[in-house]
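Quick look at what Swiss-Prot annotates:
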- 78, 83, 129, 130, 148: S-adenosyl-L-methionine binding site (BINDING)
- 221-242: region 'Disordered' (REGION)
């Protein structure tokens, strides 16, 4: 995907991208490639792949979830090089955005990126979700929590739901369909205060499969969750489901 295809494809999906926003995306791409020469931030190095697999892919929640186009608070868990949080912020600058990552080298990149793009109302946090979800400045404070991760769904539920206020949503961005994981999530959802809302299956323009799953926060998460760092990954609530 090249920049023209990026704009045309999104415009055809009723998500117009202004010239000013395209300048920000181009700056982002160039800075990511330059920074990656000294710090490995992404396995995706080709510009055409970054436009598709990072930028376009990050914006897919805006195509399927109308509430994501409004003013809202959003936390991106395990943001890495800024995906999906920074592309979402570029397009919807009404977001109050928090980017959380456990590696300082990624936070250093994100701090410089935010400054370079002159993005407002963006906070970076160096740490683990298991720790910061117990911090009252972050716990149940967000309208949305999002993750583009390969972790088991039950693990992600435990990491994300504690950040979201009752009435908010978490958004899981998956590369394959996860019926068995959702089917096996009932115990985790009950413990954590969530309820499956919607699931969208679609393909990127290159035919790669994607799934968006939204979970409504219907009650406060029990105080003991999330458990200590590493435990949600090793021993998900309700077990692992293939």
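Glycine is treated like the rest: Cβ placed from N, Cα and C.
Mapped onto this structure are the features recorded in Swiss-Prot.
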| residue | record | CB count, 10 Å |
| --- | --- | --- |
| 78 | S-adenosyl-L-methionine binding site | 22 |
| 83 | S-adenosyl-L-methionine binding site | 24 |
| 129 | S-adenosyl-L-methionine binding site | 26 |
| 130 | S-adenosyl-L-methionine binding site | 20 |
| 148 | S-adenosyl-L-methionine binding site | 23 |
Exercise. Of all the Cα pairs drawn from 78, 83, 129, 130, 148, the residues the record ties to S-adenosyl-L-methionine, which distance is largest, in Å?
Worked result: 20
Seminar exercise, completed: Residue counts for the region 'Disordered' (221-242) under DSSP, helix then strand then coil, are 4 helix, 0 strand, 18 coil
Exercise. Which of the three DSSP-derived classes (helix, strand, coil) applies to residue 83 (S-adenosyl-L-methionine binding site)?
Worked result: coil
